[in-house]
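*Asks:* Here it is, the structure, as structure tokens.
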Amino acid sequence: MRPAPSSSAPSEELEPAPPWGIGLALTALAYFLMVQFMLGVLFFLIYWVVAMPGQPFEAAYARAAASGRFTGLASGFIYLFTLITVGAALRLWVRGPLAPALRLVPPARIPIWAVPFLALGLAVALDAVTMASGRPVIPENLAPLFRGRDPLGWAAMGFLAVLVGPPTEELLFRGLLYPALAVRVGPMFAVYLVSLIFALLHLFTYGGTADQWFWIAQAFLVGLALTGLRARTRSLWPPIVMHMTLNLYATLEAIFLLNFR
């Protein structure tokens, strides 16, 4: 007689369902957007009154939008505030250890030391596609933030792009949204859906530029890499490391190409 197949085998291939649903994950994203708007307006008004008193709104806004110091520090604080407050809310929501629930655990299948090399390979490939299309590798709306030899501005942008931006976005997209969707629609479809939402939210970054859909398409490919890595390794650490590496590469590239070439 053949032994009956183990009923636990399929479940061993699946991650445990997170202790939250799609509603909470989307609420966290909506909260992030609300905080960006409200604190962004507040910080700009402070900047306008303190740094450019009496200047027209348009002039003050244009200067703030082109300032690496203002953008890096203001947006960096907004991201950090979001990371802390969402983390605190999750600590109250989740019963038991929070790290395993968010999959802040050692990765499976791909060692963590290999992730920066994967990120660099992806960054070089995206640059090659951009140059082959005849476009500059630095988006036109981001170039003013890095142009000019301003170490404090570079440090502020590094704080935003490398230190606080990636962990915050990974918490929201791959930490909360992906596992909630994967339970409902399956891992494969969840990877594509999370990547699409991730890309579309980058309209706040690239919207209004001549090549906005080209950059949105690149953001979608990056989202696929990050979310696919999260699904493959069953850990949030690899996408965090990949995201930080990609942004570090982009930051150093912008500084070099715009100021030292």
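Don't overthink the numbers, they just go from 1 along the chain as shown.
Glycine is treated like the rest: Cβ placed from N, Cα and C.
Unlike curated records, TrEMBL annotations are generated automatically.
Per TrEMBL, transmembrane segment is recorded for 20-50, 70-90, 110-130, 188-206, 213-231, 237-260. If you look up TrEMBL, you'll see 153-248 marked as domain 'CAAX prenyl protease 2/Lysostaphin resistance protein A-like'.
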*Asks:* State the non-local partners of the transmembrane segment (188-206) in its own chain: residues 6+ outside its ends, Cβ under 8 Å from one of its Cβ atoms.
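*Replies:* Residues 29, 33, 36, 139, 141-142, 169, 173-174, 177-178, 181-182, 212, 215-217, 219-220, 222-224, 226-228, 231.
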*Asks:* Tally of helix, strand and coil residues over the domain 'CAAX prenyl protease 2/Lysostaphin resistance protein A-like' (153-248) according to DSSP?
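*Replies:* Once the DSSP states are binned, the domain 'CAAX prenyl protease 2/Lysostaphin resistance protein A-like' (153-248) shows 86 helix, 0 strand, 10 coil.
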*Asks:* For the transmembrane segment (237-260), find every same-chain residue at least 6 residues outside the stretch whose CB is under 8 Å from a CB in it, and list them.
*Replies:* 104-107, 110, 112, 115-116, 118-120, 122-123, 127, 137-138, 142-143, 145-149, 154, 157-158, 161-163, 165-167, 169-170, 174, 222, 225-227, 229-230
